[in-house]
């Protein structure tokens, strides 16, 4: 094994725990960015261009008939082929978390429809399902099995929010393990069927699943209810006759106690297991080789790479399978970095140089990687993620379409979990609903000062009745900081002048008219 550091160009903050990778025609595509997509790449899907140990991201386009695909973190993801030996394939994406921490229960099909030296175009289609539809979840796995010329998808595990009927103010945003049901999904007819097997007693999440033909092996995982990582090793066998499917489960010895591990395929029958956690505060630095032959599984310890001091001493790590025996690993950057939320990235190559050649992934794999969203119960499960994917191949295109994060808004200024004012006390880890209309995110209101900005209604000391009145009325709102400024800048209202009644003209007193001789006689008497 060899470990090599790669540098990122002005966009490493988009690659946060929870991302996934897709592999089409040897090219690696990134999906599940931090925050909502921006105008530079509205699809939220990027081509990872790796040249000379430098990683660049280039936007990818969607066809006109595609549906909207939100940036989902920790989804279940795997490839779907018409049969186990088919060359063409597409990806299935189910569940995951949106940037608002909402959980998705939707399922998407994504495939590459056109490729040029400067433009990659995907088609994304949402599938409707009936029957026992799996609830919204994350940290689960999905695989495709092939039996008797038929194919079905198998979904298992994961976490979801506490059911509404069981929520309290203190546990409103708490997550729980999903029931240990096995879901069989027939995409040809769009129906789901769930199976409860006696061998599967506890819910699991952030486990590893590897599929070959009609068999799925489930390894490790974390039980949130017991806060344990039992050394699980389950064998699910799916038989697809003309009638109803038959699902059987066998508990095998030789499992490994690990969660959030990463699996990459190095040959038709061999896989390498790296990363993950042994406990809440201990990373797993050992590596294992998994061999699937003759309808059985063999797990042996293998020699790992020479881990760098930064990897050995970091408190968390995350990563993803890049395919063809390569793994992309990330560790948190130092606090003194100029770029916030930036990470360091490494490429771990598990195959020798003589073995590093093009070969099809005939075995369907689905791996748990290392990053879960902050706010859940255990500290190191907060660094778990789920993904499956691709190969670190360079893409021979110019740099004209390289994504530049500096052209975008600061991510800290958007979203529900911002610091809206100096006295803001809304924290994603401790927040509980304050208004009856809130569920899993705080209520916000737009301040109309300047270009406008969003503030939390709770931080503005708004009552619920006032919040409802403002949301229904078509009026401008100003936050506590700008309300006085807005009053000072307002133009005084024009006061209507009072109408004064017209004054009546004064009547002149009637005077006696005197003739000229009489005037003279009168004046003479007056002055005598």
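In case you wondered, yes, glycine gets a Cβ from its N, Cα and C as well.
Summarising the annotation, TrEMBL assigns domain 'Recombination activating protein 2 PHD' to 415-492. Predicted-model confidence for the domain 'Recombination activating protein 2 PHD' (415-492) is 77, expressed as mean pLDDT.
Close to residue 420 (Zn(2+) binding site) in the fold, though at least 6 residues off in sequence, lie 426, 444, 453, 454, 455, 456, 459, 479, each with a CB less than 8 Å from its CB. The feature Zn(2+) binding site is assigned by TrEMBL to 420, 424, 447, 453, 456, 459, 479, 482.
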Checklist outcome for this item: Same-chain residues at least 6 apart in sequence with Cβ under 8 Å of the Cβ of residue 447 (Zn(2+) binding site), in sequence order, are 453, 454, 455, 477, 478, 479, 482
Checklist entry - Under the DSSP assignment, what numbers of helix, strand and coil residues are found in the domain 'Recombination activating protein 2 PHD' (415-492)? => result 16 helix, 8 strand, 54 coil
Checklist outcome for this item: Across every protein chain in view, the count of C-beta atoms other than its own within 10 A of the C-beta of residue 456 (Zn(2+) binding site) is 23
Checklist entry - Under 8 Å Cβ-Cβ from residue 424 (Zn(2+) binding site), six or more apart in the same chain: what's there? => result 418, 456, 459
